[in-house]
Structures are given as C-alpha cells and as structure tokens.
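Q: To start, I am sharing the structure in question, which I have written as structure tokens.
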C-alpha cells in the first residue's frame, strides 16, 4: 500500500561545506529551532555568517526539492489511478470469462472466452509494468524527502521482497491456452460423455477459477488510489506536519479516520463489496449435487448469508475443497465484521456531549424537586410528632406510629436521592471535562511556578539588601567605637 515514508537521515547542506562560513551546523528540522518550554537556561547561539550567494543557492535548491516533491506526488497519483483502473478492468473481464465458461459443459473454453483471456493477459502485462514504474517513482520521492542523490540507496531487501510479492499478486490471471476450434470442442464433448451427469470430486476446481480468485487481491490497488486522492496526502501542509510528528499517512491511518467520521457509510460499502465477491466465489467453487452445474447466484448469496452470520441451516453445503476454504474465510470475516457493526451501533446509540448535558440537567432537576418535596415531608412529619408529644389526647397511638413510619421513609428517600445525584455528577464528567480540568490545572501550576520564581528573586534581593544593611550597621558600629576610643583617650590626657 501507499505510505509516506519518514525521513531517516538529516537534511544535508546542498552546497560545499568547505567554502562556507558556518560557525555551527544548520538545524536538522524546524523543531530544533524552537526552544523547549520547560528549559530554564537559555541556549546561547553563536552568530552565523552566510554569504548571500550561498543563501541564494540553498533557497533555490530547497525550492527545487519542493517542486520535485509536488511533481512526484502528481505522477504517483496518476500511476495509482491507472493501476487501479486496469486492475478493476481485469477483475471484471475475469468474471465475464468465467461466466461464459460456466454455461459450457465441463467449463470448457470458447472462442469468446479465449479472446477475453488474451485481453486480460495484455492488461496484466501493462499492470505489472505500471507497478514497477510506481515503485521507481516512490523511491525517487524517498530520495527527495531525505536529500539522497542516488535513489538506489532506498532499495533494501525488504523493499525488493515487497515488490516481488506485489508483482506476483498482480501477475496471476487465467492464461489463454490453445485456441478452441470446432474439432477440438467435439473431441472434448466425446471425451467427457455429455449424455451422463456425474458429480465432481471434492478436489476438483476449474483452472480458470483457480487462477481467477486470486485476482481479487488486486483490490489493494484501490486502497492506494484512495490514499493518493485523500486531502491529507494532497495537501503539502498536512504531509509536512505528519513528517514533523513522525506519523505515516497511509491507508491504515486514513481508514481509521474515515471509520470515525462516516462509520455507517464505510461499513455499508465494505459489507456490500464483501457480499458480492464472496457470493461469486462460492458460486464459482461449488456445484449442484450429482451435476456439473455451478451454484446459481441466488443460492450462492444465501450460502454466503448463512455462513457470514454463523447460522448454517444445512440446506446448502460446500461441494469442493475450494468452496469449503472460501466458506471458512467468509465465516471468519463475518465474525470480524459483526464485531465492527456492533461497535458502530453502540457508538450510534450513545448520547453525544450536548444530549448528555440536557439529559443530566433534566434528571438533576427532577431529583432536586423530589428531594425538596421529601425534605418538606420530613419537616411536616417531625412537627406532627413534636405536637403529638405535647398533646397526646388529640392523637391516637396508631396515628403516631404511621407518622413516624412516614418520617423514616422520607429520610431514606432523601438519602437515596443524594446518592443518585452523586452518581449523576460522576457520570456527567466526560473525557473532555477531564482534559479541560487537566489543562486548567497545568496552567495554574505554571502560573504558580512563575510567581514562586519571582518571589525567589525578590527574596534574594531582600537578602542582599539585608546583608548590605548589616554591613553598614557593622561599619557604623566600628566607626562609633573608634570615635569613643579617641574621645576617651583625649579625656585621659
């Protein structure tokens, strides 16, 4: 898949270092020129003297690199569009060719299917060439991003294995064999004994189907096309921001973004594509019992549905090993897709932030009203009991017990309402509020640290002033002592 590779080497000086008047190297990235916010010591930088001609050469080289990068991105997008279109065309031609042979006895070739295979082979050769061109452009882009003069530096063993795997995946296709003439078709009819109908063994699989099913792996080129048509990749600012933060803007990153923005739409498209591809694969691999006919598309769709949902009614089963493998893959994919669908439904059923606030406000208002009502009941029942104790003749003992019971019930209800209010407050605190509280705490802590530093500076100044005052007092005391000694000495004389 397409990916934005991170630069592994620092940017180098485009002109000769021997003739330059640099007293320190150029920062490798923009982040190196930004001082760290927690550093107290200021880094003193020596002045940098650059010749005007060298500055012009550096800026011109930088502009050339940016222009080359933009040009290579356009070329990569164009080549990815071509590879995606040719791969989709090949898959469609493969399905048409197999559908034509399915209507023949023992899936034999026809002149129409043979010509379709020839077109499919030609498109496959063009596709492989475009794949090599794409990787050549990708290596050129890697060299431009890392200031590498030779693009062959980026060729590694892992890169070679990846290119070979991609070429093998794209090269697999139904190959045209001998041209099916009328005499050859008559010989096949006589050999296969068309008058009898016997089922195929479990290991049977048509050659065109065996070479055609792996062609669905070419759908990864659609993912690459999506990457290069994304706004995050087409925008130079977002790409540069990803480089600085060491984030690869690839299909995995984009599909997670799309699933967060449009989860229902993405899952619907993925499930429909999987349903059509899986149903046709089950049709191609399975046959009706005791016949040579493939499953009809309706039966294949039903088999896909019961396998995808892990129901397995048993009315339709896979008749070959190929069909069993496809059914097993469908069941595993069904588990994965079901988990995604449940996660999306759970996310859709959750209240958003504003709805949660409204719901919490309504519940809090109801609980406050009920708590006030029960508090009023507590006061009312307590006054009744106090009045009954003062005048026992007007009330019966049963009425006293009923009032006391109502008082205790109201107290318990108030306690339960307070617990519910506390739970409601705890549930209304979301991650956004926690982040806001953390941000406020950090801001207040920074302000407190600044004030503490200022107070420390002021305390140091006060200490210096007190030291000066102490020295002055000592000097005055010494001077007075000397004067007293002189006066006392003069009086003695």
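Each Cβ is built from the backbone N, Cα and C atoms, and glycine gets one as well.
The model shown is predicted, which means the values in this text are computed figures rather than measured ones.
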Q: I'm validating the feature mapping. Which of 17-38, 39-60, 237-258, 325-346 is tagged transmembrane segment in TrEMBL?
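A: The range carrying the transmembrane segment annotation in TrEMBL is 325-346.
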Q: Of 138-159, 160-181, which span is tagged transmembrane segment by TrEMBL?
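A: Comparing 138-159, 160-181 with TrEMBL, transmembrane segment matches 160-181.
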Q: Suppose you had to name the range TrEMBL annotates as transmembrane segment; which of 283-300, 301-318 would you pick?
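A: Spelled out, TrEMBL records transmembrane segment over residues 301-318, not the other listed ranges.
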Q: Using TrEMBL as the reference, determine which range in 97-115, 116-134 is annotated transmembrane segment.
A: 116-134
Q: What residues elsewhere in the chain lie close to the transmembrane segment (201-221), defined as a C-beta under 8 angstroms and at least 6 residues from its ends?
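A: Sequence-distant neighbours of the transmembrane segment (201-221): 1, 80, 83-84, 87-88, 90-91, 94-95, 97-98, 101, 107, 113, 127, 169-170, 172-175, 277, 281, 284-285, 319-322, 326.
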Q: Looking only at the domain 'Potassium channel' (271-349), what are its DSSP counts of helix, strand and coil residues?
A: 56 helix, 2 strand, 21 coil
Q: Over the domain 'Potassium channel' (271-349), what is the model's mean pLDDT?
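A: Averaged over the domain 'Potassium channel' (271-349), the predicted model reaches a pLDDT of 86.
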Q: Take the transmembrane segment (116-134) and find every residue of the same chain, 6 or more past its ends, with a Cβ under 8 Å from one of its Cβ atoms.
A: 76, 79-80, 82-83, 86-87, 89-90, 93-94, 96-97, 100, 163, 166-167, 170-171, 173-176, 218
